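Please read the structure below before turning to the comments.
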Amino acid sequence: MEPSSKKVTGRLMLAVGGAVLGSLQFGYNTGVINAPQKVIEEFYNQTWNHRYGESIPSTTLTTLWSLSVAIFSVGGMIGSFSVGLFVNRFGRRNSMLMMNLLAFVSAVLMGFSKLGKSFEMLILGRFIIGVYCGLTTGFVPMYVGEVSPTALRGALGTLHQLGIVVGILIAQVFGLDSIMGNADLWPLLLSVIFIPALLQCILLPFCPESPRFLLINRNEENRAKSVLKKLRGTADVTRDLQEMKEEGRQMMREKKVTILELFRSPAYRQPILIAVVLQLSQQLSGINAVFYYSTSIFEKAGVQQPVYATIGSGIVNTAFTVVSLFVVERAGRRTLHLIGLAGMAGCAVLMTIALALLEQLPWMSYLSIVAIFGFVAFFEVGPGPIPWFIVAELFSQGPRPAAVAVAGFSNWTSNFIVGMCFQYVEQLCGPYVFIIFTVLLVLFFIFTYFKVPETKGRTFDEIASGFRQGGASQSDKTPEELFHPLGADSQV
């Protein structure tokens with residue numbers, strides 16, 4: 001390992017910091033819609049009354065509100081599937097810069113929806129910011145992974161998830177009645193997204209383009225070398241360049257990789273399966289059910305001030321993402337993901353017991369709070385941050401954009417399904433709804449144990465070569481890598 005490989009330079013932190021402002025936008029827009037639900041529904045009612053001279057029917061109101069929440073995920077699906085169209089043509093940094101136009105348009109639509117007496121403006125704004133966030137969930141992990149040195153790739157990749165959870169926490173705090181979650185200021189609450197967009201537009205021109213993109217996609221070796229020297233803080237970047245050139249040579253031997261090719265080619269089939277299942281393990285773990293309906297869950301658990309308990313879970317969320325940031329390069333991705341899944345399954349069982357016995361034993365409300373906080377904490381240890389950046393690690397430069405698009409689409413689709421279905425399933429199953437998530441978590445644990453490789457400390461080309469060859473040479477492996485390094489199938 002080069003001495004500079006663990007060096008954190010100012011230019012590297014500027015690049016990563018500028019990029020993860022997009023992650024913060026994703027988190028903010030995920031969490032912002034929940035707190036002001038009642039005042040926005042009242043706005044819908046007033047608008048309907050203004051147009052038609054009568055109160056809005058309750059079924060129409062429910063439909064409009066569900067659309068306002070769910071349209072964000074629909075936009076995210078479209079955006080995530082379009083990642084490859086932008087990053088290969090315009091580059092990673094320029095794609096992030098261009099997409100801020102969507103954030104500005106969305107801010108204007110949502111900010112002026114009350115003035116324009118138009119709930120259509122709000123819904124369209126939610127759709128557009130959803131497209132922006134879908135693109136961001138592809139751009140940011142890809143860019144951060146490509147500018148980071150191998151030894152710091154996991155830690156810096158976790159900053160994407162940290163940006164998301166900080167965004168959720170800011171949305172929860174800003175959404176309090178006493179701040180912006182009231183009848184007068186909710187348009188500002190939804191449109192404040194123009195601030196991080198503006199800040200990103202100021203910072204990104206000073207950030208370098210991905211050196212991998214410059215060398216492998218554009219064949220601009222001198223520019224790539226110059227960028228690497230600034231990012232690494234050293235004049236000797238020979239090893240980085242050699243690794244990228246080897247990846248480039250491998251890419252030239254491969255034909256252009258389409259999304260269909262990812263599923264057809266034996267070399268890509270296993271990594272794309274891993275990428276998709278890890279994304280599903282994040283969204284189908286039940287975490288979004290907890291965040292979407294945390295206030296109502298705390299109310300059922302008998303908490304007097306549920307909104308503050310929800311903010312408490314947001315603080316736990318942020319704190320344990322920071323913990324993951326410091327341990328991901330020591331413990332490894334696979335290990336943390338397994339710990340997170342197992343811990344969440346245990347907390348889901350506790351939550352079920354607490355909610356089921358709440359009427360007979362009022363003190364169970366305290367157990368439910370502990371279970372929810374534990375559920376959130378274990379999520380941020382592994383299933384929260386790791387699926388985002390491990391997708392970029394599993395693929396070389398050629399198939400990476402297509403793989404990120406497929407994985408992102410899987411994430412957003414499962415997010416949409418949970419958001420739409422949880423309320424109905426919860427009404428059907430009552431306190432036993434989290435048993436469903438427990439079963440899913442156990443299945444994801446089994447899959448991760450047998451199929452997911454450890455990517456810690458390995459270059460992109462080494463990881464991709466492992467899948468191509470069905471396993472690296474035994475002499476190159478650490479004891480940890482010897483144990484299911486590329487899944488059971490690869491060890492035949």
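Note: Cβ is positioned from N, Cα and C throughout, glycine not excepted.
Per Swiss-Prot, topological domain 'Cytoplasmic' is recorded for 1-11, 145-155, 207-271, 329-334, 389-401, 451-492. Residues or ranges marked as topological domain 'Extracellular' by Swiss-Prot on the basis of similarity to another entry: 34-66, 113-120, 177-185, 294-306, 356-365, 423-429. Per Swiss-Prot, the feature D-glucose binding site maps to GLN161, GLN282, GLN283, ASN288, ASN317, GLU380, TRP388; the stated evidence is similarity to another entry. Residues or ranges marked as phosphoserine in Swiss-Prot: SER226, SER465, SER490. Sequence annotations record features per position, and here Swiss-Prot assigns phosphothreonine to THR478.
Positions of Swiss-Prot features highlighted on the structure.
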residue: GLN161; record: D-glucose binding site; Cβ neighbours (10 Å): 27
residue: SER226; record: phosphoserine; Cβ neighbours (10 Å): 15
residue: GLN282; record: D-glucose binding site; Cβ neighbours (10 Å): 26
residue: GLN283; record: D-glucose binding site; Cβ neighbours (10 Å): 22
residue: ASN288; record: D-glucose binding site; Cβ neighbours (10 Å): 20
residue: ASN317; record: D-glucose binding site; Cβ neighbours (10 Å): 27
residue: GLU380; record: D-glucose binding site; Cβ neighbours (10 Å): 26
residue: TRP388; record: D-glucose binding site; Cβ neighbours (10 Å): 28
residue: SER465; record: phosphoserine; Cβ neighbours (10 Å): 18
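The Cα of SER226 (phosphoserine) lies closest to that of TRP388, out of the binding-site residues GLN282, ASN317, TRP388. Checked against SER465 (phosphoserine), the binding-site residues GLN282, GLN283, GLU380 differ in C-alpha distance, with GLN282 being the nearest. With GLN161, GLN282, GLN283, ASN288, ASN317, GLU380, TRP388 listed as the residues that bind D-glucose, the site has a largest C-alpha separation of 16 Å. Helix, strand and coil counts under DSSP for the topological domain 'Extracellular' (177-185) come to 0 helix, 0 strand, 9 coil. Per-class residue totals from DSSP over the topological domain 'Extracellular' (423-429), listed helix then strand then coil: 7 helix, 0 strand, 0 coil. The D-glucose site is defined by GLN161, GLN282, GLN283, ASN288, ASN317, GLU380, TRP388, and by the 8 Å test on Cβ atoms against their centroid, the other residues of the chain that qualify are ILE164, VAL165, ILE287, PHE379, PRO383, GLY384, PRO385, PRO387. Taken through DSSP, the topological domain 'Cytoplasmic' (329-334) splits into 5 helix, 0 strand, 1 coil. Model confidence over the topological domain 'Cytoplasmic' (329-334) stands at 92, taken as the mean pLDDT rounded to a whole number. Sequence-distant contacts of the topological domain 'Cytoplasmic' (329-334), counting only residues of its own chain at least 6 positions beyond either end whose CB sits under 8 Å from a CB of the stretch, comprise 151-152, 154-155, 382, 386, 390, 393, 448, 452-457, 480. In the topological domain 'Extracellular' (356-365), the DSSP tally of helix, strand and coil residues is 3 helix, 0 strand, 7 coil. Among residues of the same chain six or more beyond the topological domain 'Extracellular' (34-66), those with a C-beta under 8 A of the stretch's C-beta atoms are 113-114, 117-119, 122-123, 171-172, 175-176, 180-183, 186, 189, 291-292, 295, 307, 420.
Helix, strand and coil residue tallies for the topological domain 'Cytoplasmic' (389-401), in that order: 8 helix, 0 strand, 5 coil [DSSP].
Mapped onto DSSP classes, the topological domain 'Extracellular' (113-120) shows 2 helix, 0 strand, 6 coil.
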